[in-house]
Amino acid sequence: MADDGLLLNFSLGDNNIIQPETKLKGGTWRDRLSAKKIAKHHAKGPRTAGDEDSTPRAPRNPNRIEVPSSRPTKRQRTDGGDSGKQQSHTHPHSNQPRQFISSLFTKNPEPQKVEEVKEEGHVEDAKPTNAPLIDGLDTFTNLGLSPSLAAHLLTKLELKAPTAIQKASISQLLKEEGDAFIQAETGSGKTLAYLLPLVQRIMALSKPGAQTDAKGQPIVHRDSGLFAIVLAPTRELCKQISVVLENLLRCAHWIVAGTVIGGEKKKSEKARLRKGLNILVATPGRLADHLDNTQALDVSNVRWLVLDEGDRLMELGFEEEIQGIVKKLDARQRPSRIPGVPTRRTTILCSATLKMSVQKLGEISLKDAVHIKADPEDEDEKARRSKEEESAYRVPAQLKQSYAVVAAKLRLVTLTAFFKRTFMRKGSVMKAIIFVSCADSVDFHFEVFTRKQAKEDGDESSDTDKSEDKPPSSPHGTIAPATAFSNPSNPVTLFRLHGSLPQNVRTSTLGAFAKNKEASVLICTDVASRGLDLPNVDLVVEYDPAFSAEDHLHRIGRTARVGRDGRALIFLQPGCEENYVEVLKRGYRDGGKALTRADANDILKRGFGGNVESGNKDWETKATDWQCEIERWALENPEYLEMARRAFQSHIRAYATHIAAERSMFNIKELHLGHLAKAFALRDRPSKINVPGLRQGKEETKKDFKAERNSAAGKKRKAGGTDLADDIPSANNTATAAQKMRAKMKEHISGANEFNLA
């Protein structure tokens, strides 16, 4: 068919041209949907006056009554009709999540219970309940200890008189050989209460002159066998018991003690067991492992078994291990060739509380046990009480305890203000402990309180002499100057401790905190709340409440020990947490009359330089500036931002683990997650806070510390060699680390070698 040359031209209006639709990619489906709606709205363009008249309208209802409106008619815009353009350029990033900076002092919930705020200076000093006895007749010699041991306590350890629980337990355990349950309040000297009779019994077996061999040496020495085992729930408590025991045995050098705990090398522990031990301090898990796998551990002569902190042993799940240990000790027991050794084993259970778990542990290990306590005259009263009151804890009478109801947004600045005021004057407080709920929170707050100030960064380059006066920092990153609440006249050193650190780092950090003679603060989890006798601890702050009342008892028990004065402060949030005050009052003999309340605003005023009585609001400005500075510091450093998010998530998980009896007071549904996120220097919405990967475990943390130590030692690598771990992050993002590891391995495998001739 021939072309006729016909051309057709169609005229279309500009409004009828169909624009190509751009397909949005990336982001969540909600973000794509909102961006699509915005693009569709902009594509319509601005409406004109003619458009409104040209649109067809529905027929008017004849039954409708027209009422004249008093509102004047709108005037037409005369600015060129660029309202649509202005609207389109107002929020160029409207599809991205915006950060909302909330104010510290607005929309905070008010405390539900209004109580009178008492000043600590107006509280009458109570008589110490765990101090040594003043009566001169109650000396260690009168209790049955040998003169050499009593003289060693007086001259070397500077112990002149026993405490009430030591008096009751030493006399009972030296007279009879039956099982015993020792119950006393924290800080009353329970460790010496069972160690002194133990050492006295073993010294009596090896008394020179009465029982000696042909060479005149005592019969009992390190090769004579193992006579006593002391079990403790934590490694730190085992270390402390071992130190106290070694100090006692300096007057009997022929008796040898040792430890086997988790985290140490089994090879070195087996070597110590082969050399011979008379007293062994151990954790249940490691002792059960040695009983199964170490032939050098002979327990046929064990006649004393001590279970320290029995309630904690059961809480940590050591019930099966303890059952296995008791059965193996019974099965392997043999008559001893050494004269004077008892025929049966004596078991001693120690605990500050008498709970159902402790009673169950007593059923496993004790037989016809004697209940030893500091106040034997109160036994009839306690027998009449209910089981709940029997399990109630006791707080030392000289401990001054207070609580502060602090809103969630103000927690971080209030804690900082409190320690600014505490360490404002040199010598007022020497050592303090901050207890938090999880290890991630410990790491985050340690970085916040030890971060370098902007002024310090500029001074370091010019003033090199001032750096010599700063407290030494730890190569492991667990010790650093506390720049947040230090001042030139009173520098403060901050220590951190939690269970995810390697054992050698935990031991060195705890030892450095105990030996430090300057102002220092330890921020830790409950790993340091049981049995540790840290010297000169004047203040305990529970930033996160304990998971049970018994844990609270052991936390505040780190201060006010053996008759010393001490203070404790707990942070509570407005709302259901205020009911926890009744639990705190039950721990006092007088019903909680000595328990005081601290006002959160007064803490902020004192800490940030304001006067409590004046109406000046400068302290609010200073507190807000400090909070915003911390938030900017976290935003500028991705590492610290991820640390803050991880700490926030771990804190929420830990908050949900309170015991059932107290869960109504710590209801996770009552938490304002947005306000709580601000206490972790976060500006994100709680729903947007997501941290990939898992927290480093003990093994990964141990590898990181080992790698840092090797790099510090300056080990040289072989020429031409490469390390696979160079391109791998420190396991913060597990998926990325695994992906990079596979890529690195593929590079090594695919490279040319002697088998790849091509």
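Cβ atoms are placed via backbone N, Cα and C, with glycine included.
Other C-beta atoms found within 10 angstroms of the C-beta of ALA184 (ATP binding site) number 25, with every protein chain shown included. If you look up Swiss-Prot, you'll see ALA184, GLU185, THR186, GLY187, SER188, GLY189, LYS190, THR191 marked as ATP binding site, on the strength of sequence analysis.
Taken from Swiss-Prot, the feature compositional bias 'Basic residues' covers 35-45.
What Swiss-Prot records for 171-372 is domain 'Helicase ATP-binding', and it gives sequence analysis as the kind of evidence.
Under the heading domain 'Helicase C-terminal', Swiss-Prot lists 398-603.
The helix, strand and coil residue counts that DSSP assigns across the motif 'DEAD box' (308-311) are 2 helix, 0 strand, 2 coil. Under the heading motif 'DEAD box', Swiss-Prot lists 308-311.
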All-chain count of other Cβ atoms within 10 Å of THR186 (ATP binding site): 25
Integer average pLDDT (0 to 100) for the domain 'Helicase ATP-binding' (171-372): 88
Assigned conformation of GLU185 (ATP binding site) - DSSP reduced to three states: coil
Largest tally of Cβ atoms lying within 10 Å of a Cβ, found at which of the binding-site residues GLY187, GLY189: GLY187
For the compositional bias 'Basic residues' (35-45), the number of residues DSSP places in helix, strand and coil: 10 helix, 0 strand, 1 coil
Other CB atoms within 10 A, centred on LYS190 (ATP binding site): 24
Cβ-based isolation winner (fewest other Cβ atoms within 10 Å) among the binding-site residues SER188, THR191: THR191
